[in-house]
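The ATP binding site annotation in Swiss-Prot covers 16, 165, 166, 167, 231, 232, 240, 246, 247, 263, 267 and rests on sequence analysis. Per Swiss-Prot, the feature Mg(2+) binding site maps to 18. The K(+) binding site annotation in Swiss-Prot covers 44, and the record cites sequence analysis as its basis. Look at Swiss-Prot and you will find 57, 100, 240, 271 tagged as L-methionine binding site. Look at Swiss-Prot and you will find 100-110 tagged as region 'Flexible loop'.
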């Protein structure tokens, strides 16, 4: 168990400028992978008033309409009219994408695909906890669900005055390592100029917060901050610049676990920043699902051009039923953590990445089919081999 009495995590909506950038990068990755599953893609996006700027390195046989994909993605997020300050049909799209360095390619590609080297050096973490049904930390799980609900109400038209940009933050109280109460909720949402703050706060409380958060964790002392600065009409790329990879804690575990520093969006599976982080989640989740530990953090590290991980480490925070040595041996036996092994173990060579770019890459309820790293199909054999 952890020693926190209070722990806070945040999430942001699909209309947050950094998340816009992530979605554009992953939309381009998906479009390329529909034509070329073995493309090398590292696509970065910058969004600011009136412009989308693309940069990075892509080597592919695919022939895609980059500008159209960018515009369609921006429009689908909800920035489709000048009244919102950003219009996918009229914004500038500036393309500065080049090709992957041949020096990197020679370190990754191999005659035998199973010997594929890591696309870069680096360290990645995976994490799981039994404090929620999806084996995620409760603060980030609740924050994501608040943001999903905001999007649902905006897209359905139930709350017509909602706009795409929003943020949520949830502070949980822990007792003996278990969530016992929600201490504070912060929710800020962009809105049309003609909604009063009183009406907005009531609607957010009744239709978002109370709809999402467990009633047994809310109490008389729970503090609510709904649009605490008042008006939030100017948002999205007009209010702030957005860049791919700036919401890596939102994307993962809300700060409850460590992070190796590498972002996910816009990267094909040869980039271990992404694929090994997914594998780390898969390993940790199966360890917890198997009952080997109540909490598990897995670290994996790589050297560029080398297939085998340079290290595999685990931390179970004193909750394990077997030793760390036993768990690591089980990991080595049942999980292929070479880049090629990860790609095929998790079926990562498919165009499904744009859907990961909002509301977290991990712990999405009902996502096990699309997000293969959320499966717990190794739990039974891990439990059997651990003799517990």
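Each Cβ is built from the backbone N, Cα and C atoms, and glycine gets one as well.
Predicted, not measured: the structure shown is a model, and the values here were computed from it.
Cα-Cα distance from residue 44 (K(+) binding site) to residue 166 (ATP binding site): 22 Å (rounded to the nearest whole number). The sparsest Cβ neighbourhood within 10 Å, among the listed binding-site residues (18, 44, 166, 231, 271), is found at 231. The Cα atom of residue 18 (Mg(2+) binding site) lies nearest to that of 267, taking the binding-site residues 100, 231, 267 as the candidates. Across the residues annotated as binding ATP (16, 165, 166, 167, 231, 232, 240, 246, 247, 263, 267), the two Cα atoms farthest apart lie 36 Å from each other.
Recorded residues residue 247 (ATP binding site) and residue 57 (L-methionine binding site) have their alpha carbons 21 Å apart, per Cα-Cα distance. Between residue 57 (L-methionine binding site) and residue 231 (ATP binding site), the C-alpha separation comes to 40 Å.
Rounded to a whole number, the C-alpha distance linking residue 271 (L-methionine binding site) with residue 166 (ATP binding site) is 30 angstrom.
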